[in-house]
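Residues or ranges marked as zinc finger by Swiss-Prot: 70-87. Sequence annotations record features per position, and here Swiss-Prot assigns region 'Disordered' to 147-186, 395-450. Annotated compositional bias 'Basic and acidic residues' per Swiss-Prot: 167-177, 421-431, in sequence order.
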Amino acid sequence: MSRKPADVASKERNEYIPAFISKKPFYIDDDDTANDYLEHQRLHKQTTDQSKWYERGKRAGPAATKYRKGACENCGAMTHKAKECLSRPRKHGAKWTGKDIQADEVIQNVDLGWDAKRDRWNGYDAAEYRQVVEEYEELERLKRQAKLTKGETQTTNDGLDDEAPEQEARYAEESDMGRQQSTATRNLRIREDTAKYLLNLDLDSAKYDPKTRRMVDMGAAEDQAAALVAEENFVRSSGDAAEFERAQRYAWEAQERGTQKIHLQANPTSGEITRKKELAESEAKRDAHRKALLEKYGGEQHLKHTPLLETMVVENERFVEYDETGAIKGAPKKATKSKYPEDILTNNHKSVWGSWWHNFQWGYACCFSTVKNSYCTGEEGKRAFEEARNMLLLPGDETEQPSLAVESASRQEEPSAESHNQQRDSKKRTLMEVQSGITEEELESYKRSRLAADDPMAAFIEKDDS
């Protein structure tokens, strides 16, 4: 039984497709010859859809002479609204004036294929590159004009034009030698490149591992080879290495600028003299400019060395260790300061708030007031406080037991010789005396003599006494 002829033109035999791919299995119907299941592997011809793109700024026919309903209020076109209009906003739009109505834009439906969507140059207009060419032509014209202004004659100018290709070729050789060299030449070592294992031939020196291409077992501290090689492809610069690097960079930059050709290896003395001369000129110019600014504006006294510069915090490599609280370990501890203002006397008070304590309330020691931010009453406030407290005492105990505040005041004003001797003999005070200045005996006598206002037996005792 013969197979049906292929109807698809692209079904030519491809010798690179294996037989198990090109031949269909026996269980697949072969009736639908138009269905090529290997179409994705065929060589497709290029279609015109790949270069299809939007025609920018294309208008559809002549413009309308009358404003139409639903058109743009600004320009009068039917293809967009006023919010999407790209024309200049008019003071009075076409909807109200009916003048200068623009034609409708052509709405194009560009259906791109798989390749056209991924073509980065699709829709590019080669005419846009013309402005880049014109810009370079203008630069070349300005260069030639600058050469003529320097006094070059037309003859020498023609000679330079003849030598231009040679100079360009020489510049290409100097600036981009890597592209002209073969890959084998690039991989060759230069004479100045010393292998790591040749830095020190001592057997006890640093070992070179050829497998990892690294220095292992860096050896003793006095090993110079181990000290030079700090890490991969890095040699620590020492001595005049930094100065040599600056001279080499100066030679390269001078050659790139085209001012002078300095070859550090061919003529190192000339390059060094030129570099030092330029450094001296730039330093003298900088000093002259600085001196002129100081003479004009002054302020030389601010440039002098001050002791405050020594106390300035600068970056250093000093190791500092912190504890769990964030403080520096080993640093002297400073006395902690309160976040609240201290020793500020307000409202004529002679003491601060909290200097006096009575009946679980803080107050002022100068007037015995327990109201914060109140005005000081002085001795009158103390006297009123004593009178209010004496009202709670028994009538018979008022003469026998003087008030605690009056006793403490008289004790402070007229100290006896005996108390003076006791204070001189006892250098340490108890915790009770430090906190309140009251002894235990005085506190006990005060508790016995005072009368509690909420005592239910107080009224009963007074009735019995009467």
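Note: Cβ is positioned from N, Cα and C throughout, glycine not excepted.
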* **Sequence-remote partners of the zinc finger (70-87) [C-beta within less than 8 Å, at least six residues beyond its ends]** => 63-64, 93-95, 100-105, 107
* Across the zinc finger (70-87), average pLDDT on the 0 to 100 scale -> 93
* **Residues in the zinc finger (70-87) grouped by DSSP into helix, strand and remaining coil** => 3 helix, 0 strand, 15 coil
